Amino acid sequence: MSGVSELLIVGADLVGAGRADLYVRDGVFADPAEAGSDVERIDADGLIALPGLVDLHTHLREPGREDAETIATGTQAAARGGFTAVLAMANTTPVTDTAEAAEHVWAVGRREGSAEVVPVGAVSKGLAGAELAELGLMARSAAGVRVFSDDGRCVSDARLMRRALEYVRAFGGVIAQHAQDPRLAGSDACCHEGELSGKLGLPGWPPAAEATIVARDAELAKLTGSRVHVCHVSTAETVDVLRWAHKRGIPISAEVTPHHLMLTTSEVVGYDPTYKVNPPLRPDEHVTVLREALADGTIAAVGTDHAPHARHDKEHAFVDAAPGMLGLEAALAVVIETMVKPGLLDWAGVAERMSYEPARIARLAHQGRPLRIGEPANLVLVDPSARAVVDRNASASLSRNNPWHGRDLPDPVAATVWRGRVTYSREPKG
Ligand SMILES: NC(=O)N[C@@H](CC(=O)O)C(=O)O
Ligand SMILES: [Zn+2]
Ligand SMILES: [Zn+2]
């Protein structure tokens, strides 16, 4: 990591604006004409500059499960993935359901983070789904919480969801829903419901358990005039509901994970718990629809759902293993492979789906900004042609539940700059 306050990035492709130099001084972009001759340089010949990526959905596990991930290691993984901000989910121990808890995560992030750490506040106390957490106090805290989620659990009580939406409307907050009707897909559900779940003898997770909650929440967003965001959309049925809601002008946004864009139910055949994730991997036809929905904006953003788990929580029989997989480091690679290569998204589209839109949804003022003089210097330099075989042992994450291990994928992140500071650089610094 470099402590320099000045940096000249030479000859980067600025996507639609040709090749140019970017001069970074005191954490913001300044006029390259003002750069001195002895300033530290990054040669960006052949590299594309995108605004720093923003992840709406990261599990950092601190406080409580520092054996799986910490704020320091999780944000190092983020920097390696090209991210300059992550939304830290509330399902920690203790749960982020008070102003103090949110400020703690925020403060540790400022002290130890390699990216901006934005705490997500819980919707309900202890994620129990019964009583509202301190939404207003979290919003007014130093952490300035705007995104609230019981992620890991669904806010299944419609009345509680309605009250949460009414509450956060006043300060422009959003409720990020883990859409899983617990009566249709209980906590044991772990395989897309269909022929394969029957054959494998795994409890089924039907698409209807997701789509029905999203339809209900769209109606609640309409009723309250308040924003809903749908976490990790996994089915074609949910995409249909989102299209229906958007046609009616309902304020509901959605994200898709890298794994749901690339991996399918067939990974589960070998019962490898690395591929156990919630919601589960789906058949091909869903994956195709998810890609189209991300391309046309029905799904506005990619959210990694980076979910590190310690070995002793993951290495069990499939039904007993903890659900979740790593996502930060390979997210851009997977988006390039599944969206850019097939022509579904261009580089401006990647910037929209992975930086501008997530920053808008989370109401982040200093992220998802154009690479222009006066703007905060958050960017990722992308090498569009490099490839590598993913090695889970080369990860910055403390966990090894990496579904991309052994796969040949794009290796796009050449360097990441957050607030003018180089948080990751592929070239080892001499
Ligand atoms: N995605 C997962 O399978 N697991 C997440 C929780 C969640 O995102 O629902 C986790 O916290 O491990
Ligand atoms: Zn979830
Ligand atoms: Zn999650």
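Glycine is treated like the rest: Cβ placed from N, Cα and C.
Of the listed candidates (HIS178, HIS192, HIS259), TrEMBL assigns HIS178 to the same Zn(2+) 2 site as ASP151, HIS232. Record check: TrEMBL places HIS57, HIS59, ASP151 at the Zn(2+) 1 site, and the matching candidate among ASP305, ASP313, ASP320, ASP346 is ASP305.
ASP305 (Zn(2+) 1 binding site) has HIS232, GLY324 nearby among the binding-site residues ARG61, ASN91, HIS178, HIS232, GLY324, counting only those with a Cα within 10 angstroms of its own Cα.
For the binding-site residues LEU60, ASN91, GLY324, a Cα to Cα distance of within 10 angstroms from ASP151 (Zn(2+) 1 binding site) holds for ASN91. Every protein chain shown contributes to the tally, and the Cβ of PRO323 (substrate binding site) ends up with 20 other Cβ atoms within 10 Å. Rounded to a whole value, the Cα-Cα separation of ASN91 (substrate binding site) and HIS232 (Zn(2+) 2 binding site) is 16 Å.
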